[in-house]
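For reference, TrEMBL has these:
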- B:84-293: domain 'ABC transmembrane type-1' (DOMAIN)
- B:20-48: transmembrane segment (TRANSMEM)
- B:88-107: transmembrane segment (TRANSMEM)
- B:119-139: transmembrane segment (TRANSMEM)
- B:151-171: transmembrane segment (TRANSMEM)
- B:193-215: transmembrane segment (TRANSMEM)
- B:269-289: transmembrane segment (TRANSMEM)
Amino acid sequence: MARKANHVIDSPIQSKKRIKLKKILSNYQLYLFLLPALIYFIVFHYVPMYGVLIAFKDFVATKGIMGSPWVGFKHFERFFDSYQFWTLIKNTLGLSVTQLIVGFPLPIFLALMLNQIRSEKYKRFVQTVVYAPHFISVVVLAGMIYVFFSNNGLINNLILIFGGDPISFMAKTEWFKPLYIASGVWQETGWAAIIYLAALAGVSPELHEAAVMDGANKWQRIFHVDIPAIMPTAVILLILSVGNIMNIGFEKAYLLQTPMNQPAAEIIPTYVYKMGLQQAQYSFAAAVGLFNSVINLILLIAVNKFAKKLSGTGLW
Amino acid sequence: MGLLALKNKKITRRSKEDKVFDIINVFLVAIILILVVYPLYFIVIASFSDPNMIYDGKVWLLPKELTFEGYERIFQDNKIWLGYKNSIVYTVVGTIVNVSFTLMAAYALSRKDLYGRNVIMFLFLMTMFFSGGLIPTYLVVKNLGLLNTMWALILPKAVAVWNVIVAKTFFETSIPNELLEAAKMDGCSDAKFFWKIVLPLSKPIVAVMVLFYAVGHWNSYFDALIYLNNENLYPLQLILRNILIQNEASTMMISDLDSLAAKQRVSELIKYGVIIVASIPLLIVYPFVQKYFVKGVMIGGIKG
């Protein structure tokens, strides 16, 4: 009797476990589906997260990550004390903040403009064309910048026509940022507008009809119907871009670097590449990279909190 | 009747200022269009023009003193074609790996009955916000013995989290649960269901994934820069970089020319030509596949 009672008490827990196990087993094929991706993320993302420990060690390849001696914050201190530290911070932040300020609103303007075009054909044609630069490789883009802005390239020819003096763009530190930003605007504005166009297409036509009935002109409808409609999308994208502010497009910066514009063009990611892979100072470069990632993460969390307070929309 | 007339009148009266708005808008958009198109167009005409004409600022709308010398030299160069071949191989193999890993994972994660899906999704998403960085990743690739193999360009980029989200969202919204239940009643396994029913219903998302990944592979140079040092393995983009930015690969292509001026002239021409040659595959397919790209962005956007 007692035994029976015991059994009765026991069984719900046991059967719950059994059901869970059964659920897992019956879906074993789905777990197999997940396996390649899971292995990928562990090997190429989580193992490197563990590997970042070398930032606190003097990494010696033959001893491995575990065997190399701990050195605490030595590499960080060396980075903070190096004469390049503030230049790197200034260049990295300067480039990404300018890119954000210039590059963030433009797709919104473009989407609002395209949305107002009445001829469907013209609109579709423009869209097809302005998306296209997005698919140009960064090498080709940099190559285009080099040929257009060379001493006797297209741009200097234009300057000559208007009576100006030719500029050696690629050799001047002050031209690195404008070229970087402008080429980014040229390449990505159209593509970035897609998402806003989608949000605008989702605006109910009745809203616009009602506004027309109330005597609103196009400007007023843009301000009171269209812009509120794309606000949530804009906030999310803004959070994401601020959260990525230190992950500036390193591939383009590296390609646009010349010996002459180096002082303005060296940013943290290119510095990590040169220190780590060209000079094989693995631990030091890993420390610089980690510093970058941590700042990024802090920014993301802060911006998300701020946006949530301000507008109620956030990533999580 | 009177009300309707009044309404119409109101609209026509108002549309005068709206008309001005429209005209200015169409005009501004046209300027944007020209700003986007002209650089591309200029590359095309410059690749056929005598470089001296470009230097002198005489090439604006049409090629001047037509020449095919740049293209002739590009077509005779082995490096470029080797790079082309390598890029095609990397793109095809890489995309197959990407798409199969991504779709399988996305489908599994889209299934609400999968125990632990939130934990796994979280593991995936975390990698978007924090990474070990360049050096630790490089060391992993090195320790796996992948340096100087094509797998160094493929495996470290095998799955993009963003694409998993896009595909998962697609499966969640477009594969009805009843279908799965019906198939299970008939004794259909998950793998068979995915292969026979889910995939045929998901052609648009497969197209989106193939395109996103393929363009990524075709356009990337950085992984090749850090993981490869055997020139025979170089993808096209890396060879392009040497020609366009380092000014170096072209020395082989113009070794028969004597004077420095002639060398410089032809190397300019080659630069314009290789930009075209490298972009042609994308230019050809782009107009046909553009809508799939847009679709991909939209599916991702809904979720985001």
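Yeah, the Cβs are placed from backbone N, Cα and C, and that goes for glycine too.
Counting residues 6+ beyond its ends, the transmembrane segment (B:88-107) has Cβ neighbours under 8 Å at 124, 150, 153-155, 157-160, 163-164, 166-168, 170-171, 194, 198-199, 202, 205-206, 209-210, 213-214, 217-218, 235 in the same chain. Touching of the transmembrane segment (B:269-289) and the transmembrane segment (B:20-48) is concluded from the presence of at least three CB pairs under 8 A, sequence neighbours closer than 6 excluded. Here the transmembrane segment (B:193-215) has Cβ contacts under 8 Å with residues 91, 94-95, 98-99, 102-104, 107, 160, 163, 166-167, 170-171, 174-175, 179-180, 183-184, 282, 289, 292-293, 295-296, 299 of the same chain, all six or more residues outside its ends. Using a Cβ-Cβ cut-off under 8 Å and counting only residues 6 or more beyond its ends in the same chain, the transmembrane segment (B:20-48) has close neighbours at 54, 59, 61-63, 66-68, 70-71, 269, 272-273, 275-276. For the transmembrane segment (B:151-171), the residues of the chain that approach it from at least six positions outside its boundaries are 90, 93-94, 97-98, 101-103, 105-107, 109-110, 124-125, 127-128, 137, 140-141, 144, 198, 202, 204-205, 208-209, 212-213, 216-217, 220, 223-224, 227-228, 235, 296, 299-300, 302-303, judged by C-beta separation under 8 angstroms.
Outside the transmembrane segment (B:119-139) by six or more residues, the chain places 105, 109, 156, 161-162, 164, 226-227 with a CB less than 8 A from a CB of the stretch.
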